[in-house]
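Report on the following structure.
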Amino acid sequence: MSSSTPRALHPGAWWLWAIGLAVAVSQTTNPLVLLIAAGVVTFVVVSRRSDSPWARAFKLYAVLGAFIIGLRVILHVLVGLKWGEITILPLPLIELPSWASGINLLGDVGLEGLLAAVFEGMRLATMILCVGAANALADPKRMLAALPGALQEIGTAVIVAISVAPQLAQSVKRVHRARLLRGDSARGLRAFRRVAMPVLEDTLERSMALAASMDSRGYGRRGEVSRGQDHLTGIFTLGGLLGMSVGSYGLLDRESPDWVGLPLLLVGIGLGGLGLALGSKAVSRTVYRPSPWRAPETLTAACGLLAAAAAFASLRCEPSALTMPLNPIGPPPLPWLMTAGLLVAALPAVLTPPPPLARVRDRPRRRVDPCESEGSPA
């Protein structure tokens, strides 16, 4: 199904793929599964990202994930609930007033509790990595053009917000290049002071310029609509959101009735779709270059949704394999259903067309000797 002709996939396919992986990751704290998911995400991004500015933001999300893991460990040591039989860091317990009786400041840090904090941080970091993969693979401007008309106003704000990270990566590179040209070799805190303000200022200016250009092209403007249609759109949209929220809760809660889970979720999706269809009629717009939805897009979205379905199936069939045994500490089990779903999620790296590159790397040309071009004398 892979095509040799470079082509950018529909941004919605990448976002559905990433959301499916993030939902799958949210169901487990097994470090082995989390590492597999992070490896799958990184493999797909490295294989199918372009050379555009937003594609360079994936490293920032990886750094943010590592920071979250470290912050989660620090918070556990400072104010977390200490538990575990193996003490690895004996610290004095600081007594707090009665109004803060549920908070433990310092105290002996157990190995089991510390590992639990690390695995929870890994889960959140992997989910952020999935979002970063979608941001690196999908063009945010094409994503805005592909959104329904009813979501145009919200989509404008969201696209401007998520474009900050790619703009930040590009600004860091440009400021670093300017420092090298000036001969500035400062490092450490002095270099951070000289780089931070220009980077933030340049990022904010570029994001505001994007918002201004979108506003000048008519984004976020609505046409005339009757009051009855407006009320009906709001009822359908609100009902769809409530149905999807309660249905999602029913899927996650194994003790809820059967009709609260998948049926209510499908009803909510249907009502939300009707609300979007009615709201889109109030927005008149044209698309210069629509993004096609073909077989590679369907495959990509299906792989991500299949990973989420495999995670829910593992939650029903083998729930103990989705958590790390900490009491007592043991090796992490391998949930076969979820692992198979994650491996399927790596197929877009090889079964989708390669992205078009803005900068074509030309092959080095062979230097021709002038004597050879003139020919030998008769």
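For all residues, glycine too, the Cβ spot is worked out from N, Cα and C.
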Correct range for transmembrane segment (source TrEMBL, candidates 99-120, 121-142, 143-164, 231-252):
231-252
Long-range environment of the transmembrane segment (58-79) - Cβ separation under 8 angstroms, sequence gap at least 6:
45, 49, 89, 91, 103-106, 109, 113-114, 117-118, 120-122, 124-126, 128-129, 131-133, 135-136, 165, 168-169
